[in-house]
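The next block holds one structure in the form of structure tokens; read it before the comments.
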């Protein structure tokens, strides 16, 4: 690093705004949320999502409550074009959801973009071109007049083509790319020129998106930029001001929040901050920050673990264990003083009272998470190294969420015994908790066959002491197993690995089960020389643990499908 970085880097020039109003404002209602997970987020992946994963992500976003979703860059690839067509022709877009597509300022690309939208009831078409000095000079070799003319010509093309598609209600959006690095008077000039072409009205507004394509300054400067535009844009009553902060300086969430205070109506971003370089602004953190201030964000993260697993599986990117609200360790206290304060907070917290538990800005239960792992041991406590001991002594590598779950069991054990826990005791406790769960459903045996590309299982089990032979079909052994037992839970996460090597190798499988009536997640572990058998044992163990986590009424009907199955039934 340079001893004098000023010889290489320039500080960002602040906006002249001596009477700024945003510092005295608070956020009392949510902005319009626009997810760009399927476009900006997807294009930043090492391996972009295939059509199946994109559809899964789209449906997850709809389920969360997003009403605007940027789904593709249709002119960039046939894959993106085809995905837009599948959404439209397959009837996947709910009546209250508007899809958005992105296009550069070129006539042929704009035409291709509109072609992808034929037949859609409504859509946002998002036009952009770069306006910052380094892009004008280095990338495009254009003067300011050329940049403005490029944007206006593209706007005219969009307006002309849209007029030939009266069956679709279009909303136009314009982004001066790298707005955060553009001279603010010029950014206004280009935006005004584009909207002079489109002629939005208060009844049919256009969107002006002001992106921090590269985060270049502290969040207060970005807020000043937004407030200046909010005050000075022509046709302000006919525009929705949108922001699109990136996280290059690590302050995208703060920048977005201050931008809303400064006049922004809408925020574009991704779940958990996916996106180019350091990512887009994290919409989950933004929404839950509002929630903890008593403002309904309009997005539902009441099962945040499932959203996280979907995002991880679709993007192939892990979520950091310290990630706000969702990380595996954010509701975990290792410090003794923290543990003491949290215990005391829980002791006095009343169910219907304002949340005031120390060190916990949100109630984990509101997100579908449990209190089981809030206070747990670690190697510094004199009781821990649980995961290390299991891995070193028995070859079992626990997934992080299972580590958190199991540490609660160890904590209870050490609290009851008041003694130091040994490696052998940890292993015995682990088997009791997750491997040896044989009631109310006990695995006896199974056989598998294949028919027309689908797996069929014949499963022998004891349910509440009654032997049953169940059958099921599915895309694989576990899918067939779940169809066979017919319980009201699902496999939320599954993984497997070798426990030992060589001729007597054994496999360990871990299944994380979840269900509408199940409190938290229920883990099951299977260990067997046969990997499929290990996986079946893991799921059945997880089902037994899930059964223990539902109320008495749900338990009465838990195995109805299996008990009423027409398969063979004999007394034990």
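If you go along the chain as it appears here, the first residue is 1 and each next one adds 1.
Just so you know, glycine gets a Cβ as well, placed from its N, Cα and C.
What Swiss-Prot lists as Mg(2+) binding site is 40, 244, 246, 280, and the listing cites sequence analysis. Per Swiss-Prot, the feature domain 'Pyruvate carboxyltransferase' maps to 31-305. Residues or ranges marked as region 'Regulatory domain' in Swiss-Prot (evidence: sequence analysis): 437-572.
Residues within less than 8 Å, Cβ to Cβ, of residue 244 (Mg(2+) binding site) and separated from it by at least 6 positions along the same chain comprise 36, 175, 209, 210, 211, 212, 213, 267, 268, 269, 280, 281. With a cut-off of 8 Å between CB atoms and residues at least 6 apart in sequence, the same chain places 211, 212, 213, 214, 215, 252, 275, 276, 277, 278, 279, 280, 281 near residue 246 (Mg(2+) binding site), listed in sequence order. Across the region 'Regulatory domain' (437-572), the prediction's mean pLDDT works out to 91. Residue counts for the region 'Regulatory domain' (437-572) under DSSP, helix first, then strand, then coil, are 35 helix, 56 strand, 45 coil.
In sequence order, 36, 211, 213, 245, 268, 269, 270, 275, 276, 279, 281 are the residues of the same chain, not among 40, 244, 246, 280, whose CB sits within 8 A of the CB centroid for the Mg(2+) site. Counting Cβ atoms from all protein chains shown, residue 280 (Mg(2+) binding site) has 30 others lying within 10 Å of its own Cβ. Other Cβ atoms within 10 Å of the Cβ of residue 40 (Mg(2+) binding site), summed over all protein chains shown, number 23.
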